[in-house]
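Swiss-Prot annotations:
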- N7, E388: Mg(2+) binding site (BINDING)
- K14, H213, L214, G215, N216, G217, D287, M288, R289, G335, I336, G337, E338, N339: ATP binding site (BINDING)
- R97: substrate binding site (BINDING)
- D154: active site, proton donor/acceptor (ACT_SITE)
- H185: site 'Transition state stabilizer' (SITE)
- R246: site 'Transition state stabilizer' (SITE)
Amino acid sequence: MPILVLNAGSSSLKSSLFATVESTVETTPLWQAQVDFAYQPDQALIQVRRQGGPWEPFPALSSPSGISGLASLFQSLWQGEGSPLATAAEIKAIGHRVVHGGSLYRQPTLITPEVEQAIEQLSPLAPAHNPPALEGIRLLRQLLPGIPQVAVFDTAFHQQMPAAAALYPLPYAWAEQGIRRYGFHGINHEHCARRAAEILGRPLEELQLITCHLGNGCSLAAIRGGHSVDTTMGYTPLEGLMMGSRSGSVDPGILIHQLRRGMDVEELDRILNRESGLQGVSGLSSDMRVILEAMQAGHARAELAFNLFIHRLRSQIGAMLMSLDRLDALVFSGGIGENAAPVRAAACANLGFLGIQIDPVLNAGSPRNCDISTSDAPVRVLVISAQEDWAIANACQKLLQEE
């Protein structure tokens, strides 16, 4: 049952084609694509790979109109030399990562005109993600008419959080208008919880976990029995941890102060989302790899950015712990969580009193889907590879089998 997956962002797109999807085994995609729209002002950098092989360049597109200009990339799935499919009709479903589903959607959903309209109406809450997802939905409807498309929402996993975790201490009338904490990265938080249960050899229903999705966007989730009971992101993906270019949580009084000084809303939005976090503090980059290299060279602001990132990460791990009765495992995932050993080491330093103790050799050894704790640590520390595309394909398959 070939399933095509799209994961669209404001400046990039990732796509995977799965020939088959096993519900409990992560499957290597038949085909993958990465598109970087920010590569050059007038050109998108496109790479593809087949069956987990090396990445190869795909003919660059001059001045593409975003995702809507990528028809030739998707047509290469069934046209031309080396295409993995004989015909477009072999594709049985298309899955889309949709970042914000509000309180409307608690599970993967077949995309209808009504669902599409709802995604559009929620775009102001995820302006970097919902509009590109809509572009992908509309492009593939043109290329592959009649093939079911499924929205898998990043917010869905968190929609059953207790009211005390989901609401803000604001006038209750605001909550009635939909202003509440939705949470994000739910696709990967849920995947990490299920994978942690497999690694630990224990039923998910009995586990209490903190999952750390650390990439350019960062969030934590407290998970009890497979259900999210708290998370760090809120009404938008701006709340919570310090991130690559996002500030995370700050005193709202600062924003009021800047508005009174004459800063307009658009400028404030740009600074908080694109010019803060690691980027804003270091003045160098939003990429943790660049920060770590600069620290080695003695760059003071890179070190400050790293220390701020770790301080806020540890603080929020503590906050998530308060929503649990105990902690069975701390899970690291995402680009930083999986690849930055110094971040994991600093986050777990001196946490022996909580039962957290990592093995420095295991931590430094590029771990994937494994336990990096010392043998006698009561709380296990896991590194789990983010597999959002596979999780989306799996969700599509389950939904279509139920229909």
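First residue shown is number 1, and so on along the chain.
Note that Cβ sites are derived from N, Cα and C of the backbone, with glycine treated the same way.
Keep in mind the model is a prediction, meaning the values are calculated, not measured.
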Recorded positions clustered about E388 (Mg(2+) binding site) [Cα within 10 Å; pool: R97, H185, L214, N216]: R97, H185
Entries of N7, D154, L214, R246, R289 which, being recorded positions, have CA atoms within 10 angstroms of R97 (substrate binding site): N7, D154
Residue pair R246 (site 'Transition state stabilizer'), R289 (ATP binding site) - Cα distance, angstrom, rounded: 17
Residues that sit under 8 angstroms from N7 (Mg(2+) binding site) by C-beta distance, when 6+ apart in the chain: L13, K14, S15, H96, R97, E388, D389, I392
Number of Cβ atoms other than its own within 10 Å, given for K14 (ATP binding site): 16
Proximal but sequence-remote residues of the same chain as H185 (site 'Transition state stabilizer') (Cβ under 8 Å, at least 6 apart): D154, H213, G217, S219, A221, M233
Recorded positions: R97, R246, R289 - member with fewest neighbouring CB atoms within 10 Å: R289
Residue among recorded positions D154, E338 with least C-beta crowding, 10 angstrom cut-off: E338
For R289 (ATP binding site), the three-state class that DSSP assigns: helix
Entry from the binding-site residues list D287, E388 having the most other CB atoms no farther than 10 A: E388
Protein Cβ atoms within 10 Å of N216 (ATP binding site), excluding its own: 19
Set of same-chain residues at least 6 away whose C-beta sits under 8 angstroms from I336 (ATP binding site): L214, G215, C218, M288, V343
